[in-house]
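A.B. asks: First the structure, then my questions, so here it is.
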Amino acid sequence: MEHKAICVVVLALSLVLSTLVQGRSETCDVTPSERKNCGFPGITSAQCAARGCCFNSAVRGVPWCFSPAAVDKNGSEGDGDEEDCL
């Protein structure tokens, strides 16, 4: 029974966090070589999400828990430090 309760809590947490992330102007679509570490060795997907970070373990040798990329109002990715030149 305890295992089921933990699964339900993790699922609920994932749903809440995914809802929050959808309203933010960030994306987890980050090239593996450009990922900035947001976790620690052995971090779980739930622990990573609790930090507000992205988790993807599909590529070895790069951080699995990483910071999301910022997206400006035009939908392009960037770190927010760019200036428009006129």
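Glycine is no exception: its Cβ is also placed from the backbone N, Cα and C atoms.
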A.B. asks: Among CYS48, CYS53, CYS54, find the residue that TrEMBL gives as the disulfide bond partner of CYS38.
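C.D. replies: Between CYS38 and the options CYS48, CYS53, CYS54, TrEMBL records the bond with CYS53.
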A.B. asks: Pick from CYS54, CYS65: which cysteine does TrEMBL list as forming a disulfide with CYS48?
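C.D. replies: That record, TrEMBL, gives the partner as CYS65.
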A.B. asks: Just choose from CYS54, CYS85 the cysteine that TrEMBL connects to CYS28 via a disulfide.
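C.D. replies: Disulfide mapping in TrEMBL sends CYS28 to CYS54.
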A.B. asks: Could you check the disulfide-bonded residues CYS28, CYS48, CYS53, CYS54, CYS65 and say which one's CB has the fewest neighbouring CB atoms inside 10 Å?
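C.D. replies: Candidates: the disulfide-bonded residues CYS28, CYS48, CYS53, CYS54, CYS65. Fewest Cβ atoms within 10 Å: CYS28.
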